[in-house]
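**Q** Just dropping this structure here.
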């Protein structure tokens, strides 16, 4: 069982001890006893690909800055908020879209191919599971690689929108002041002021990334679909998530109600620690490849 292993980028990974052999054995037993494993991943699986998260102690966005992610209502209501969002996103996109899956993403893809992983739900919007080749996958909060119109619903690729931005802003330049978790960067109000944002080419409506912003909700259809996949599963593994966001946490509550065994692999405490069967404080990319 070999996985081609990209070397991890640890700039945004909290410090932790190497995996304890006893814990490796416990997780091995957990996975071996599962026939239909339901896996939920969060930002902590992508930090080793160089993407910062929000909550990690010392290295997450909340620990490093006083910045907060955009709220759904603000994006919909305010043209200047959209201009700021898209200017920052435009500058950050080339780097953000170039991030590649790490070992943990590749291991989960392999588990799917082996028939071990029944369904994978990610709270991430970075497309890394898709890039790794996972197919039994639900992107709970959408994906930054897609854009849609709030007016007519027309979908486009984010990479195509980048070309529209470039055409509309041929002389606009801005130096990024640091990277945020969802692909944007920090810019000053002065830098953002002259940035031009295109409207939907079909109806002139507002373009928004196909992601669930803070303050918005995941569609009922998607939630129901994930509950169905969970109902077919016999155990749950949470990898790289503190499960602070209710949209993901609800599935752990449902798993507990069904009395499914739950294992957590996350550096730092989570909302599930008090009812999980197993809690491991390790890097996803370090521990998951040890499981056969």
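Each residue, glycine too, has its Cβ placed from N, Cα and C.
So TrEMBL says this about it:
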- 17-292: domain 'Deacetylase sirtuin-type' (DOMAIN)
- 141: active site, proton acceptor (ACT_SITE)
- 149, 152, 200, 203: Zn(2+) binding site (BINDING)
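Please situate the listed features within the shown structure.
**A** Take the CB of residue 141 (active site, proton acceptor) and look out to 10 A: across all protein chains shown you find 22 other CB atoms.
Summarising the environment of residue 149 (Zn(2+) binding site), the number of other Cβ atoms within 10 Å of its Cβ, over all protein chains shown, is 19.
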**Q** Rank the binding-site residues 152, 200, 203 by the number of other Cβ atoms within 10 Å of each Cβ and report the first-ranked residue.
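**A** Counting every other Cβ within 10 Å of each candidate, the maximum falls on 200.
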**Q** Using C-alpha atoms only, work out the spacing between residue 203 (Zn(2+) binding site) and residue 141 (active site, proton acceptor) and round it to an integer in Å.
**A** 25
